[in-house]
Amino acid sequence: MTQSYDLIVIGGGSGGIAMANRAARYGARTALIAAGPLGGTCVNVGCVPKKIFWNAAHLAEQMKMAKEYGFDALEPHFHWEYLKRQRDTYIERLHDRYAQGLDGNGVVLIRNHARFSGTHQITAGDEVLDAPHILIATGGQPVWPDIPGAELGITSDGFFALETMPRSVAIVGAGYIAVELAGVLHALGSDVSLVMRRNHFLNDFEPMLRENLMDAMLHQGISLLAQRQVREVEKRADGLCLHFQDRDCLGGLETIIWAIGRRPNSTDLGLEQANITTDPQGFIAVDAFQNTETSGIYAVGDVTTGPALTPVAIAAGRRLADRLFDAQTERHLDVQLVPTVIFSHPPIATVGLSVASAQAQYGEEAVKVYQTIFTPLVRAFSAEPERTAMQLVTVGREEKIVGLHAIGDGVDEMLQGFAVALRMGATKHDFDDTIAIHPTSAEEFVTMR
Ligand SMILES: Cc1cc2nc3c(=O)[nH]c(=O)nc-3n(C[C@H](O)[C@H](O)[C@H](O)COP(=O)(O)OP(=O)(O)OC[C@H]3O[C@@H](n4cnc5c(N)ncnc54)[C@H](O)[C@@H]3O)c2cc1C
Ligand SMILES: NC(=O)c1ccc[n+]([C@@H]2O[C@H](COP(=O)([O-])OP(=O)(O)OC[C@H]3O[C@@H](n4cnc5c(N)ncnc54)[C@H](O)[C@@H]3O)[C@@H](O)[C@H]2O)c1
């Protein structure tokens, strides 16, 4: 027998859970179908376990710095297995919390793989459901390279499953995940090589950010291998060997991590039953209101082409629930000024336009850039201190701030408040007129000349 709901949500990750809970609180009869563990990518193999390992790496750096502050040399031994156990236990608690939250809101949770069996009908195992509103929030998965021996490596999913710390690692890729994992593994004691196709990583970001991060990584001892196209992985007696096109090879590796992008989970959904097509990469097209090409079917999160970030998926899901079940007819997600942090070492915080994008959008004449680079006080005693760099991109006579970029200690926790200011239309004068907090690094944002 078909069970009827007001809303069916496919996918128990960031976007799906957010929409299901909000819709149910508005009184919508809601079913959420989740194939994987609750919380999806972010909670299980993304933001949360990554940040826990980043915290450990950050502590390792702080312990090194402690000597400069008069503490006896600390030579701590890091127990990867212990932290992994702690992390897994924490994540299990999050699973329970999500299940309780859904239950408390009256969302019916179905643990199975969902497929469309009609335009507004879903089959999950033996169950058949229908609803006038269906959300696709199925997220994505890591891309594997199509080369011989690729299966000898792992992806970020495999990284989070590692039981012991790899001694020597090559990370192939140049995006968020590649630089974040490189920083974490290096700080915890691995010998790390980052293998890039081009000369740089983080190619879509303001260049000053990646330039400063590349300097910092080289200084820390991470090996950056540019212009390397991977051709094959070979297993040898002394470890894995990564062969490059027309070039040398990198041997003696314990682990190779593929961090070459992610692809949407859209192939095994029966989308054709709902007359929904995807682009060649498998992404589902949506308009600004998350509508797909079929009325009453919506998509949010990593299965769409929007920024692949947890808060973006959550905001899109919640706004959609507001629109459909609380009569907020114009409510939708604005993807301008999405703040983001790259949890590299040191971290990067960025919101808004790069200098080049601002010039392209407003004309070169209209853009004025303020920047500063300095040694943060916390690094005052370091022989070769890691510097902090900050930049404000302004436009027009009123110098409206359209881009804010920073790399350095603590910028990850600085960005959120500045993102509010930019969203409210802050100008350089507003920043200058704000009393500084001294002595901090953040005060440089309101004292830049
Ligand atoms: C290593 C890593 C680190 C990251 N770090 C950050 C970070 O620091 N900050 C940040 O903002 N973002 C981060 N992200 C990105 C973030 O995790 C994603 O943007 C976010 O999880 C997307 O949410 P979603 O709801 O679209 O999909 P997901 O969270 O992936 O959830 C989709 C769920 O749908 C399920 N599913 C798929 N198909 C079906 C089906 N047919 N039937 C039923 N269920 C199905 C899946 O099992 C999954 O549980 C990171 C990602 C990775 C990989
Ligand atoms: N801190 C955060 O918020 C955070 C952290 C991790 C991931 N994420 C999200 O997850 C998304 C996916 O991250 P990602 O790092 O997997 O993807 P990405 O798209 O950011 O980067 C993939 C990189 O791999 C490179 N690449 C592709 N094919 C390659 C090949 N064959 N050889 C070498 N390099 C190759 C690409 O040029 C690109 O630079 C991100 O875009 C981001 O939105 C966010």
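FYI, residue positions are counted from 1 along the chain as it appears here.
Just so you know, glycine gets a Cβ as well, placed from its N, Cα and C.
TrEMBL: automatically predicted annotations, no manual curation.
Record features (TrEMBL):
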type: DOMAIN; residues: 5-317; note: domain 'FAD/NAD(P)-binding'
type: DISULFID; residues: Cys42-Cys47; note: disulfide bond
type: BINDING; residues: Lys51, Asp302; note: FAD binding site
type: BINDING; residues: Gly173, Ala174, Gly175, Tyr176, Ile177, Ala178, Val179, Glu180, Gly261; note: NAD(+) binding site
type: DOMAIN; residues: 338-448; note: domain 'Pyridine nucleotide-disulphide oxidoreductase dimerisation'
type: ACT_SITE; residues: His438; note: active site, proton acceptor
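Annotated features, which come from TrEMBL, shown on the structure.
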residue: Cys42; record: disulfide bond; Cβ within 10 Å: 24
residue: Cys47; record: disulfide bond; Cβ within 10 Å: 18
residue: Lys51; record: FAD binding site; Cβ within 10 Å: 18
residue: Gly173; record: NAD(+) binding site; Cβ within 10 Å: 25
residue: Gly175; record: NAD(+) binding site; Cβ within 10 Å: 18
residue: Ile177; record: NAD(+) binding site; Cβ within 10 Å: 23
residue: Val179; record: NAD(+) binding site; Cβ within 10 Å: 26
residue: Gly261; record: NAD(+) binding site; Cβ within 10 Å: 15
residue: Asp302; record: FAD binding site; Cβ within 10 Å: 31
residue: His438; record: active site, proton acceptor; Cβ within 10 Å: 8
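Listed in sequence order, the recorded positions among Cys42, Lys51, His438 whose CB lies under 6 angstroms from an atom of ligand 2 come out as none at all. Residue counts for the domain 'Pyridine nucleotide-disulphide oxidoreductase dimerisation' (338-448) by DSSP state, with H, G and I taken as helix and E and B as strand, are 37 helix, 33 strand, 41 coil.
On a Cα basis, Ile177 (NAD(+) binding site) lies 12 Å away from Lys51 (FAD binding site). Comparing Gly261 (NAD(+) binding site) with Asp302 (FAD binding site), their Cα atoms are 12 Å apart once rounded. Gly173 (NAD(+) binding site) is 18 Å away from Cys47 (disulfide bond) when you measure Cα to Cα.
In the vicinity of ligand 1, defined as a Cβ distance under 6 Å, the following of the recorded positions Cys47, Gly173, Gly175, Gly261 are placed: Cys47.
Distance from the CA of His438 (active site, proton acceptor) to the CA of Gly175 (NAD(+) binding site) is 34 Å.
Counted over all residue pairs in Gly173, Ala174, Gly175, Tyr176, Ile177, Ala178, Val179, Glu180, Gly261, the record's binders of NAD(+), the longest Cα to Cα distance measures 13 angstrom.
Ranking the recorded positions Cys42, Gly173, Ile177, Val179, His438 by the distance of their Cα atoms from the Cα of Asp302 (FAD binding site) places Cys42 first. Sequence-ordered, the extra residues of this chain that approach the NAD(+) site, with Cβ no more than 8 Å from the Cβ center of Gly173, Ala174, Gly175, Tyr176, Ile177, Ala178, Val179, Glu180, Gly261, are Ile171, Leu181, Phe201, Leu202, Ala259. Over the domain 'Pyridine nucleotide-disulphide oxidoreductase dimerisation' (338-448), the average per-residue pLDDT in this prediction is 97. The two recorded residues, Gly173 (NAD(+) binding site) and Cys42 (disulfide bond), show a Cα separation of 20 Å.
Between the CA atoms of Ile177 (NAD(+) binding site) and Cys42 (disulfide bond) there is a gap of 13 Å, rounded to the nearest whole number.
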